[in-house]
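**Student:** Have a look at this one before I ask anything.
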Amino acid sequence: MFDILAPHLKGLTEDLNDEIKYQKFKHGIKEVKEFLEKLANRGKVDPLSSNFAQYLDENDKLKYLRYEFSIPKSRDIVTDKVEALSPEEECMYFCGNSLGLMPKRARELISQELDVWASSGVVGHFKHKHNRPWVSIEDTVVEKMADIVAKPIEIAIMNTLTSNLHLLMASFYTPNTKKTHPAKELIKVTPPEGESVVPLNSILEIIEKEGHTISLVLFSGVHYYTGQFFKMKKITQAAQRKGCIVGFDLSHAVGNVVLKLHKWGIDFAAWCSYKYLNSGPGGIAGIFLHEKHANDFNRPRLAGWWGSERKSRFKMDQQFKPIPGASGFQVSNPSVLNVVSLLASLELFSRTSMVNLRAKSILLTGYLEYLLDKQLNGLGFKIITPRDPHQRGCQLSLKFFERSVQEKVHKELMSYGAVVDERSPDIIRIAPNPMYNNFSEVFRFVRALKVVIGDIGVKD
């Protein structure tokens, strides 16, 4: 990561739901600000200057990853005009929480598979000149995915997020006859009035009070709207003490934050791969099934032939023998093109670690937050994402005081070559990705946002 940062990141290796400390101070909002200013002092630059952003980029040991991605040009994403940037410049892409950028190698890998299909036809299932026979194509990504979430036996690459949630809930949502009507019985956890995020205590209190009546606790890992990173380990422990099954939707968490799904004892999880895993639009998804359930074949499941043992899969003997672990939940053979598109990204993850990516992410998003506070000082908006870096991923959500003005802000930012995400009625989401975003982009973005807010006349 950063040579100058590394000595201060001891402890950033195990469980981000536990308190993480630098050598001398906790990693909270005040300390990130102080740490950035300390780095600026070391580099003898003004922390609010572009020179500081350049200094941080020069010391970024992950900067090589950016060159492995195709960064859209401003001319290709601006529909009407380009105000402050040359059309030839790369855009400022902070929308990886909606769709990650394309790894350059994806084109090569997909072309290879098309060539094998063209030259080999069905033989490609068993004989493949790139050693990726289609009959076991998922093996090319499971091991690499395991480095990000859990053990290989606990992972399957399959389907899409929503389909996988249905499959898992069909097995793990087993209510009794008393509470079976979701519209009436579903317990929702909401923020306190006037707040945007859900306090951990509110979640734990509901579990403590209602846990004996709950069959399944299904929660987000990172909230898509606010960017809140929930305390997954503590939620899981509290729910399981009450006898509940615990599942998580990790679409905004995988590839964004450090996850220890096996260690935390989570029963199941599902995620997409087109956001932080950069697998492309509609990319193949994944599931996690804790190893403790690996040989539980008595649960009901919506099974399919691809979940049957490989040695007997093609015998057609009408005997379903599920593969132990998550792979037994596979229904159909996966799209080869989708799998290798994911492989292109996972190869890049394998060149570093989630701990290193998370370390850069904390500083990168902290730098964005620092500039927003210093340069705009809440001008027309407030940050609703938790200020504690350990309660968020890379995303910051800005809530504008004037409803619907975010649409105008979003459109004008595009004219400056800045790609972010807007959500009704009043949110703009900004997600600096440590794999392909840098500090200079963050500096340019805040400068553009300040101009846009001034031009539009956003109300405080």
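Including glycine, each Cβ sits where the backbone N, Cα and C put it.
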**Student:** According to TrEMBL, Leu161, Thr162, Asp249, His252, Tyr274, Trp305, Asn333 bind pyridoxal 5'-phosphate; which of Ser196, Ser215, Ser220, Ser361 is also listed for that site?
**Tutor:** Ser220
**Student:** Please report how many Å separate the Cα atom of Lys275 (N6-(pyridoxal phosphate)lysine) from that of His252 (pyridoxal 5'-phosphate binding site), as a whole number.
**Tutor:** 7
**Student:** Here are the binding-site residues: Thr162, Asn333. Which has the lowest count of other Cβ atoms within 10 Å?
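**Tutor:** Looking at the binding-site residues Thr162, Asn333, the Cβ with the fewest others within 10 Å is that of Thr162.
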**Student:** By a simple count of other Cβ atoms within 10 Å, which of Tyr274, Trp305, the binding-site residues in the record, is least packed?
**Tutor:** Trp305
